[in-house]
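Trainee: Positions annotated as region 'Disordered' by TrEMBL: 1-21. What TrEMBL records for 10-21 is compositional bias 'Basic and acidic residues'. For 28-46, 66-85, 90-108, 128-150, the entry in TrEMBL reads transmembrane segment.
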Amino acid sequence: MTTSPATRPTADERIAPDGGRRSIPRTIGRILLGLVLIMAGTGHLTVARESFQAQVPTWLPMDPDFVVLASGVVEITLGLSLVLLGRWRVWVGLVVALFFIAIFPGNISQLVTRTPAFGLETDAARAIRLVFQPLLVLWALWATGAWSAWRNRRARR
């Protein structure tokens, strides 16, 4: 069975099954998350460089300063992508969510090694911080429509 061009999904509908519609709260959330990433990435490269090194797991066979600098560049790039690449928001959201998952071991390492940084001087403070990483993942998926796109795609199968 073939479909006419009028009923065939557009590129935006294939990428974002919500038809490419953007809600104001999601757009604000996406831009805010982008700005947070840009600020955090800038901190990696400047004033918070040493504090971020405290999060690099000791078992990671790389120079902690390199890891901090590289992740700072990645965060700035992802932040700019969230702010500027609205058309690709679903894909950017997935990448940002995967990035937040990839850096989660650093947060766990900071708790396990009891390394103070960012004012997290107690195990309780470091443990509470772990709760916020999954919230960042959810924020990225919600604000970009990636979660909705995934659900809608599964529902169509």
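In case you wondered, yes, glycine gets a Cβ from its N, Cα and C as well.
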Trainee: Under an 8 Å Cβ to Cβ limit, what residues of the same chain, 6 or more beyond the ends of the transmembrane segment (90-108), are close to it?
Mentor: 15-16, 30, 33, 37, 55-57, 71, 74-75, 78, 81-82, 126, 129-130, 133, 136-137, 140-141, 143-146, 149
Trainee: For the transmembrane segment (28-46), could you work out the same-chain residues 6 or more beyond its ends whose Cβ comes under 8 Å from its Cβ atoms?
Mentor: 52, 68-69, 71-83, 86, 89, 93, 96, 136, 139-140, 142-144
